[in-house]
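Pulled from TrEMBL, these are the features on record:
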- 1-10: compositional bias 'Basic residues' (COMPBIAS)
- 1-24: region 'Disordered' (REGION)
- 11-20: compositional bias 'Basic and acidic residues' (COMPBIAS)
- 45-114: coiled coil (COILED)
- 121-142: region 'Disordered' (REGION)
- 143-211: DNA-binding region (DNA_BIND)
- 143-211: domain 'HMG box' (DOMAIN)
- 257-323: DNA-binding region (DNA_BIND)
- 257-323: domain 'HMG box' (DOMAIN)
- 369-384: compositional bias 'Basic and acidic residues' (COMPBIAS)
- 369-388: region 'Disordered' (REGION)
- 385-451: DNA-binding region (DNA_BIND)
- 385-451: domain 'HMG box' (DOMAIN)
Amino acid sequence: MATKRGKRAAKIVDPEKENATDGAGIIPMPLKKAAVKPKALTVNNISLEEELETMTKTLKQMSIEKEESEARLKLKEDELQAKAAEAERINEQLKLSDEGKKKLEEKLRKLQKLKEFQPTLSLGMPLPSDDMAKKKKKNSNRLKKPKSAFLLWSKEQRQAVSEEHPNASFAEMSAIMGEKWKSVSEEERKPYLERYQIEKDIYLKLVGQEKREAEALKLLHEEQSKKQGQELLEQYLAYKKQGQPWLCRKEKDPLKPKHPTTAFFAFCNSRRPALLEAKTRIPEIGKILGEEWKALSDARRVPFEKIAATEKTRYAAELEAYKISKAEESIAAEKELEEKVKLEKVHALQLFKQKEKTDQAKKLMKDLTKEKKKAKEQAKDPNKPKKPLSSYLIFSMEMRKILDEEKPGMTFAEMNALIALKWKETSDKQIWNDKAAAAKERYTAEMEEYNKDAVMT
């Protein structure tokens, strides 16, 4: 079957001219037609190029989706790891909280056990803390700092200045007074300066005395705390040895008046014996009394209300007398406390004087030792060779020069710490040991020469 190409060729070539020859008897060859570009192959009306482009796009899309899915998986893994870490941290916290709870329970158990222990100690007066001193109200008898010469002068001159400048504020007045004080001559300032100096000397003397008393009291309380600690330990050991818990109920004041009876309680006191005789159960007695009191008329309540009023009057009188007695006792206690403080101060000053004598003796001994050492150093021969340095000292001297250049702002302590660290990290210490050995040999030779010269002289 002829192809399309064959048909096209048949149309081009003329059959009459196909066997014709030119004059030379040569059969002319048919002229070749220009090559025709073949059309692209098609499969089901879709070209291969289009299919290839489609597949490329699909592959790109799949690779993008793969990358996105991998990123999502990584995020999921990170979230799971974070959740696992959080769960582990929570478990650790729970463990720690359980341990803390156990410790608190153990501490509470010990405190409950110690609650039964009631030591009997004669406690001294505690020293006031800084916080208490700040919170405490200002004492009118406290020492006041002396006023300066300027303040003494301005106190006298303020009235005249305020008359000259009636509308001036406090700050403006202070500025005016300061300018006037600058123009005051030395002779006019002299009496204020002398007065200030006298007051200052008195103040410093009193402050010094107060400081001395405070130091003495501190020393006394330190000794008292040591004794109290020993006494407390002995009492606790005796308590543990005894093995019987001491009752630690709060003691009531036997002199304090009892609270007055109310009308209802007066009714209960009168009605309870009859109910007990009738063998009524105790839990039911309260209910019966409450119901009967509610059902009682106002007329029948009058006697019980009178009893309550009498009790109230009695309680008020007794409470007033009790308060007066307590006030007197507190005044007496304050006086006793003042006397105790005075005695403590005397005792404290005696202890402080003893401490001062001991400190003075120690200081004398220290000064004597220093003088002997100084005399010994002065007696040393300057020509005597100096002892050789160790390998570490030679290393530190070299490193110090380097560090001074590299880190000029370092402190002495920081530099020493860094040198010590570098010495530990140094692997080849033999170099420095050799230098130290050479220095030692040189020192030995110098000492032999020095001793020879000393024998000859």
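Heads up, the Cβ atoms here are built off N, Cα and C, so glycines get one too.
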Next item on the list: Summarise the model confidence on the DNA-binding region (257-323) as a single mean pLDDT, whole number.
Entry: 89
Next item on the list: Using DSSP, break the domain 'HMG box' (385-451) down into helix, strand and coil residues and give each count.
Entry: 52 helix, 0 strand, 15 coil
Note to self: Can you break down the compositional bias 'Basic and acidic residues' (369-384) into helix, strand and coil residue counts using DSSP?
What the structure shows: 11 helix, 0 strand, 5 coil
